[in-house]
Every structure is written in C-alpha cells, then in structure tokens.
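The feature region 'Disordered' is assigned by TrEMBL to B:330-350. Under the heading transmembrane segment, TrEMBL lists B:12-32, B:44-72, B:92-113, B:120-137, B:173-191, B:219-240, B:260-285, B:297-320.
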Amino acid sequence: MDLAFFGVQLLNGLQYGLLLFLIASGLTLIFGIMGIINLAHGAMYMIGAYLVWDLTMRLGNFWLAIVIAIPIAVALGLIIERLFLDTLYKRDHLYQVLLTFGLILVINEAQRIIWGGDVHSVAIPAPFDASLQLTDNLQYSVYRLFVMGVCLALAGGIYWVIRHTRLGIIIRAGAVNRDMVEGLGINVRTLFTLIFSVGVALAAFAGMIAAPLTSITPGMGDSILITCFVVVVIGGIGSIKGAFWGAILIGMAETFGPVLIPSLASMVIYLIMAAVLLVKPRGLFA
Amino acid sequence: MLHRYPKRVAFIMLALLAIVAFYPLWGPAVFGDQSEFILEKLTLMVILALFAMSLDLLVGIVGLVSLGHALFFGLGAYTLALASPDFSPASLWWMLPLVMLVAAVAALVVGVLVIRTKGIFFIMTTLAFGQMLYYLVSTSPFTGGTDGVFIMFRPSVTLGETPLLDMSDPHTFFYLCLVLLVIGFLFLRWLTRSYYGQVLDGIHDNEHRMQALGYATHGYKLIAFVISGVLAAIAGMLAAMQYGFANPAQLGWHTSGEVLMMLILGGMGTIFGPILGAFAYEILLFVYEHLTMHWPILMGLTIIVAVLVLPRGIAGLIIAPPWQRKKTPAVEDEVAASPSVRSTTQHKEG
C-alpha cells in the first residue's frame, strides 16, 4: 500500500464514518432522550435514497429532489411518532423493538410495492461531478469531499445546538432526567416529536446524499442499521460525541479492514465492539 | 409464589397437544393430498415452538430482551451440518450432545460479555453478536457462504447396529420433534417453578434488591442465558434436519425478530404462551402468503396491532378472558402477578 492509496482510503474511511455519524446521531438521540429503540431507523435511510432517486428521475434535478425529499422525511417521522410510538414510552423496550420491527416490514414492503426490487443509481450531480487528480493514476471524487463537508457542517450544527442553545440545554437535561424536565414545565411531548422527526430525517438525509455514491437496493437499510447499532454501542448510548468518534472508528475499520485483513473483514467491527465492551461495558463516552 | 394458571390453560394445552399428536390419524381425511405438506408445516411449527419457548426463559422470565437469539438456532443447524459425514448419516446420539455442548460454550462466551449489560445495551449487543456469526458463516469458505451447507442424510437413531427410528420418515421425525418440545416444556416449567426459577423471577422484578439480598445475579442470569441458548440450538438442529440444510438466514437478525414476534403473539413469561405464538405466527404467515406476495406488510401490521392492543398475547386472553376481567377481580390479581405484565405496570408507575 503506497502513500497515495493510503490517503485515498483514509478519505474514504472518513467520508463513510461521517455518513454513519449522521444516521447514528439520530439513533442515539432518539434513545438518549426518548428511551426509544428505533429499529426502523435504517429503513428511513433507505427511504431517503429511494425518494431522491425517484424525484431526480421525475424532476431531472438532484438538488431540487433533496429539497423536496427532506420535508417528506420529516413528515414521515412525525406520523410514525404520533401514530405508533406515542403509546410506547412507558412500556418495556421489548414492545418498542417489536413495533419498530413491524414498521421495518411495512416500510420495506411498501418500498417494494412503490419502487420495485430493482437496484438503482443516481448520477453524481453537477457541479460536483468532477474528480481531483491526486497522482498519475489516482483520482478522488469531488462529490465525496462535498459529502464530507456537509456531514461535518451538520455535526458542527448538532454540537452547537446541543451545547449553546436553550433547546440543547433541554435535550441534555432530558437525557439525564426526563421526569425532572417535565416537572419544570417543559412540554416533553413536543420535544419527543421534534427529536424523533429530526433524528429520522437525519437518517433519511444521509440516504439522500449517499444515493449518488452507493447502489440503491431494497436491503440497504438493514445492513446500515446494524452497523449504526455497533457505532452507538461503541460510543455509548445517548452520547452524540460517542456517536461521532464511534462512527469515525467504524468508518475507518470498514474501509481498511478489507485491505489489511481480508479474511476477517466482515467481522472487524464486531470484534472492535466486543473489545470495547470488555473494557468499557457502557461504551467509550457514556 | 409462581403464578398458578387457571385450569383451562392446562386443558387447552393438552387438547392442542392431542390434536397435533393425532394429526397423522385425522390429517389425510381432512387435507387429502395436501396432508404430507401440512405435516411438514406442523413439524416446523413444533420446532419453532421449541425455539420461541427457549427465548421466553430469557425475555419473559429473566426480563432480558435478546435480539440475537437466532445465533444459537443457527449454531445448532451449522453444527449438525458441518459435523455430519458427507455420505452416511450421523448418529443422533452423538449429534444431540455435540450441538448442546457447542451451544453451551458459545452461550457462555457471548453471555460473559453481554450479561453485565442491561436493557437497550443487552438488545444491541446480542444483536451485534448474532450478526457477527452471520457474517462469519456467510463469508467463511468452510460454511458454504450464502448458499449454506447441505445435509445429505438425517442423523440416525440406532441401538448398537440396529436402527431404532427411521428419521427419513416424516411421521417419525414429526414425533421426535414433538417429544423434544414436550420435554423442553416440562423442563422449563419445572425450572421456572424451582428455587432457581424464583430467583430469576426476583431478578426480573428488582435486580438490585436481589443483589442486596446476597444473590450473585450475574451468575444466575448467565445460567439462564446458557440454558436458553442450548434449547434454541436443539431447535436449530431440528430445523436443519427438517430442511436438509443450514443457511445463514437461519441466524440473521430477521430470524431473531420473528421469534420475538412469536413470543409477543403467544404471550411471554408464561412458557406455554410462546408455543401458541409459534403456531399462530406460522398459520398467519401461511394465510398471508396465500393472500398476497406483499405479505410482509400484513405481518408487519399484525405485529404492530398486537403490540398496541394485545401486549399479553394469546396467553393473556386465555388466563384472563376480557369478559371475565371485570367480574372476578381474583383473576385480575393473578394476571398482575405474571412477570410480563408486572414489568409493564412497573414502567407505568416509574
């Protein structure tokens, strides 16, 4: 492995890790604040990708498609939260697992009914459809750099909201003691709806911007869900910071794993998780 | 202290057992040509009932929600498939203990890592370990990748050199599964009513209090995890015998989700409930598959409705039928004493 190749891999790992962070941050927020384990999170990632593919086909413009798809994703989150999750907050995790598992079945099958089982792709949109010439035979896609930038900006945005705004104070307090926050007269109901919609929309948005980089397949949500679970477990459930570093770590492991240890590639992230759990059973940042 | 159920529970379960056990007598008359096919389905239901029951010990009795139980189911299947010789049947006398041993060791290793975690962490870590084995077998050259491993001959049951049971006969195999299910049920019933089972019950209610009373709760939970894993592996072995192959899908997390569905449909924490749940799930699946190719949507909606309106499952309906609830408060108390329901009410108060 020469240096340029190593550098490209490093960038790929970083880009994948940042994308994972977008999905995992929603997952960890929804659990940390609402105490809900949302298995349908990966399905929303898939929905995001399909929405953008469909809208790009119809409108002929990727950016317009994203602008239209985001409110749809938020609305979907709103509907799911109000319709199904509302009654589950006080119940055992088992019921949340089962209900969101049921949602996966419904969403996955709805996807099949609406869009079919074919594999699709979205062209890399202008003005990012160029690549940088790194060495004579190594190029790097500008769109990947753009995705990195967007993810970093969003991560910074999330950090700022949680650290420096009144909403952030409520979110942090809610993660520590929900009942106390409610006792202080804050409408937890509305907060939950907001957190869930935003969290789910983040996952869908990750699917949207990832659409030009990956093939859009019916099962894409399931595999990313499990990876994000590993991220959240490693980082510590409910911790945004943990989700960030966990995502970077797993992104790197998934990128370098197949190159360095091909025989164990698919298991690397689980081995990392097992190692982390042995040392810190509650995750690195919890 | 352990919940005694109304007499009708025993009556219904015995009636169901009789109906299932005598299927070879009435099946051909009712289903005609289809009866062999239905027998296969019935065998599968019995196997899945054992699988669901094994998970109930963990989820319903101890209160540990595992989303990786398929790990042990698949492990049982793969152990049989990989240990069987290619051109002759293996001996069940060897295979059964081998499967149980492999599952016990695996459950011990995984259990030591996950048993200290609680609630959502337990869910996520069991899920991750299940997926770890899933990727291991679907990429490793020894396990046939995504195609899985075929089992050419069902294990034989012999005494010395004389064959005792002909496993290739679907009826014989059906009764083997049924007998193992009944043994598994009686074992779990005995276990949950024993002193050990009462400690598990106590852990489910309030682990801190049990620790304060001097119980090494992690050890108790680990034993339950191992027993549960071993029973699931036996079910997995039977499933592999039934299908004639071991496949990565058997240990994927969708299988773990499905068995949880059976649990909730049947009613958890009751041991007999999951049996009903497995039958109900498979019957629903059968009907939905015939109705539409988009059957997962119906199954998904069924599970959502079950979670929202029938959290105690079919067992809850049998123990305390809706029309009896208001009239006899005694029954209500009985329901309130069942572990699954207790955890629900606890959360409501908290």
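Each residue, glycine too, has its Cβ placed from N, Cα and C.
Please treat TrEMBL annotations as automatic predictions, because they have not gone through curation.
Between the transmembrane segment (B:173-191) and the transmembrane segment (B:92-113) there are fewer than 3 Cβ pairs closer than 8 Å, counting only pairs 6 or more residues apart in sequence, which means the two stretches are not in contact. Put simply, of B:12-32, B:92-113, B:120-137, B:260-285, B:297-320, the stretch with the most CB pairs closer than 8 A to the transmembrane segment (B:219-240) is B:92-113.
Under 8 Å from some Cβ of the transmembrane segment (B:260-285) lie the Cβ atoms of residues 5, 9, 13, 16, 41, 44-45, 48-49, 51-53, 55-57, 59-61, 65, 67, 69, 181, 185, 188-189, 192, 295, 299, 302-303, 306-307, 311-319, 338-341, all in the same chain and six or more residues away from its ends. Within the same chain, the transmembrane segment (B:44-72) stays apart from the transmembrane segment (B:297-320): fewer than three Cβ pairs sit under 8 Å, each pair at least 6 residues apart.
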